[in-house]
Amino acid sequence: MAKVRVYEYAKAIDVSSKDIIAALKDMNVEVNNHMATLEDDTVKKLDAIYKKAKAKETANEKPAEQKKQSSNKINDRKKNDVQNNQFNKNKKNNNQNKNKNKRGGNNKSQHQQARPVKPKKELPEKIEFTNSMTVGQLAEELGKETAEIIKKLMMLGVMATINQELDKDTVELIASEYGVPVEEVIILEETELEKYEVEDKEEDMQVRPPVVTIMGHVDHGKTTLLDSIRKTKVVEGEAGGITQHIGAYQIEENGKKITFLDTPGHAAFTTMRARGAEVTDTTILVVAADDGVMPQTVEAINHAKAAEVPIIVAVNKIDKPTANPDRVMQELTEHGLVPEAWGGETIFVPLSAKTGEGIDELIEMILLVSEVGELKANPNRAAKGTVIEAELDKGRGSVATLLVQTGTLHVGDPIVVGNTFGRVRAMVNDIGRRVKTAGPSTPVEITGLNDVPNAGDQFLVFKDEKTARQVGEARASKQLDEQRSDKAKLSLDDLFEQIKQGEVKDINLIVKADVQGSAEALTAALQKIEVEGVKVKIIHTGVGAITESDIILASASNAIVIGFNVRPDGNAKSTAETENVDIRLHRIIYKVIDEIEAAMKGMLDPEYEEKVIGQVEVRQTFKVSKIGTIAGGYVTEGTITRDSGIRLIRDGVVIFEGEVDVLKRFKDDVKEVSQGYECGITIKKYNDIREGDVMESFVMQEIERK
């Protein structure tokens, strides 16, 4: 007979898992959690207990009612006795307190009369201060002479005057000499969102959907698993099979919703993955059964453990002939994830994202873990949550993907998001439909902000737009002041370091990406590169096309510009050529890291180099059946050839990269079209061409090894 798990038995007899665990403890049967298995003897004992309980319930309904009434009377009498006793006690205490107060009052008046004598002041129970404290203030708080405090400071090697400010550590040291504890009181500024927070009452809390993060190594099948769950295709078209942006999606199973955060799997996305773990309730760790534990798998485990989030291991690709789930279990045991089959507490679900096997069991486990976790939020309050992703859209302006964590977000709500503010103009859910409200654990994309926030920023809804504007502007102003002071410090520190160390090899980089999350992740990854004698210094990061100002900054700082999924505009290109600034353009994150790392080690030895040979401005489009979309364009630069690669750029962002299918001049097929002439172009297997797009023609040229 197959062994039954605690939760399965509970489900079968319609009792909660917690009740079963409690009953087992009374029987002296030790179980760790709801996933523990039950022996046949234990099941029989439980059956006997619950059958007896049901029989008693039906037989003793009337006596129970009578008992209840009599017990209520007894309880009422007991309550009255307790209240009378309490009243008498309170009377006594009040009289004692009055006498004490009188005595205290007499002492107080005696102290006031004896003030000229200046008796020794008693040490306080504790000292409270904000930010810092002067020597004079500390002496007054301790009831000591200023000279005595200055003497103590001199013994510690600190030369100070009466009005000199002391930091927290020094205040603590001096206070500890007198045995007085110190507490720093943090006063929330107008710019702190916590100041406008409202505490939720327990009775207002309601069950909310779980937020699940899918983590794991690159190419282990995270996005395919999510795709299998959602039953829609989101993998196709992603460069190198790596998810480039964090997406948030919601599914519904048996009337219960689950929100998924899809964090990219490559080690470069450390910051994005860490940010995902901050808002998540459960982590699904995807490990390929044919590949085992990899560096990014270990990294994902550490993030989930640091966030104290329960981990469910999804052993993927079990349909492959080389799959070995036992090896995965063995390797994960070394990292503290022991399967419940081996006496541990970690849930392991073998599955195949490709065939769909094991998906239902995984969803059941997610709902079970969330049920045990008792996830709750108050939906009837001003919304609060976190930014998952943000970008600047030419048509819609600032667009931010938000995850509502508590409260309900409405269209028209005044909102502060990080250092930006605005009013929620429109809300779109994960399937692209416009919605008017979004409750707890719901991901939505909003427009209406005055600027692009940073991924990971907190947001809060305010009562009126005026307050939201004031707080948003104050936060932006504060950030600007901090940046200015940091920059001033940095330049001075760098100058000192160079004088002190002599020659320091620095690689200055400017990072531009299509979305904030990619820029953040790329910056973090590049700063992690460690090569002896060489330092990486990110002097600027931004979102959007590479502009002329980026090139001027690079020229002044002797920096290399890295574009991820973005292109330089016309002015930037010409300025880069004039100023001799190196621009590196990439679509795959790890290629950027490999290239920079190789350059730092002095091992970069490219064999081929991309050369842009021409540019076409799309002025009109024609849709023809069996052919697709034909772009009518004007060659603004260089030459377009039929055998060259073609890149479609929209608003400075690369939309597609492929090959020229047909190149025509009037009705004739031609091999090339030069600058100043019109032409017709079709792109192989791609039809989404629009007026105003730019096509860039390029070839790969072999260059000499140096």
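For all residues, glycine too, the Cβ spot is worked out from N, Cα and C.
Per Swiss-Prot, the range carrying the annotation region 'G2' out of 166-170, 236-240, 241-245, 466-470 is 241-245. In Swiss-Prot, the annotation region 'G4' applies to 316-319, one of the ranges 296-299, 316-319, 640-643.
Residues 220-221, 224-225, 286-291, 325, 350-355, 357-358 of the same chain lie 6 or more positions beyond the ends of the region 'G4' (316-319) yet place their CB under 8 Å from a CB of it.
In the three-state DSSP scheme, Asp219 (GTP binding site) falls into the coil class.
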